[in-house]
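One structure is given below, encoded as structure tokens.
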């Protein structure tokens, strides 16, 4: 007799896509605001982004209950850090903390696919991309979630340096201006919305730079 | 203090029904430099005197931010105060995490008092040698509590602890009827006047005192030196010097001798930069 499998899962996938792009002195983090379950839409107005520190913003798709729990954990740990060090956490520090927090639950993971964006200690944009158990890497741009398979190839085409065999390699940090990066993000989501049923409704864009933090919204197709 | 037969252990009662170790712990509070607190309906102000051991060293941190809505000023063994502040911060974070709302001040002081009581009933422990003025704001309004080493706590309209606190208390007793309806500025002014009372003639400058405020729409934060000095000048408080220069020296010596044995007088330089958590 084959092993019986559970007819109940502790996880659900609420869909959605996240993107982050790092610039020379800015970082753009974006996510759609649709929350779904199966073929149903639960709400068209749910934020997947969370400001963890002055210079670190997290965008996560996946199971939003786990995402919320993860955000709360990180926020509490950040408070403790501030008490002990008398300052806010830097983005690279938060990146390591996020990785450790995820791996802590290696054998009952947070079903969260994360992209952390912000400014590093030198003020340059940085993006860190994760899997569900904390493996992470600093990159110039990344996408996670249901639309990521559609978005990443497009960003590769626009931002990635061609193979070093053809042309000399470029810096990971994008040579785009802030407004160009924001437009690129809007284009990504407009395209992903067309073909991914779980992405749509509205796009929330968070822009981090030396002047502080700014938020923009764009309507997406609702079908 | 005279040596007593019944004061070796905190778990030994005296025939008169006293626990001497607990009372000695409360003496430690009286030896620390002064801390004062006062509250109105909407704000609570904490102030303390910063006495450095010598000109070469920095002064100890006596006011700690516990959460956005709670702060604490301590007098006595500063090391004990630091440890208790860490406990309070932890409690606030855990409560916030579970209930997504700020920990009510009254609950926090009870937890603190229970923690202090434990140390009065274990033979392998000693009471905390620090008195805490807890200032906080919650749904039921602005509160000021005093937690003492015995495990007792009281709510106050205004209070002062530490050395020469009686002078401040006398000042506050005369004025406290008006505090409930005071404006924020008047409350801070009264705090500065009370601090000045404890200095006994020494000029009041922002370099020797620290003031912190919490209120409706205002997170707990320590006022920066510039602002405090402006207020001292504006209210013309620095003014009345009864005694000439020799007094401050005598005061400094008294202050230094008054924090005995604790040894924790060498603390790292106070961070006066732009710190989001003004601890």
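Using N, Cα and C of the backbone, Cβ positions are placed for all residues, glycine too.
All annotation found in TrEMBL is predicted automatically rather than curated by experts.
Copied over from TrEMBL:
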| type | residues | note |
| --- | --- | --- |
| COMPBIAS | B:253-266 | compositional bias 'Low complexity' |
| DOMAIN | B:6-28 | domain 'Proteasome alpha-type subunits' |
| REGION | B:242-279 | region 'Disordered' |
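Among residues of the same chain six or more beyond the domain 'Proteasome alpha-type subunits' (B:6-28), those with a C-beta under 8 A of the stretch's C-beta atoms are 76-77, 119-123, 125-131, 148-150.
Restricting the average to the domain 'Proteasome alpha-type subunits' (B:6-28) gives a pLDDT of 93. Taken residue by residue, the domain 'Proteasome alpha-type subunits' (B:6-28) breaks down under DSSP into 9 helix, 0 strand, 14 coil.
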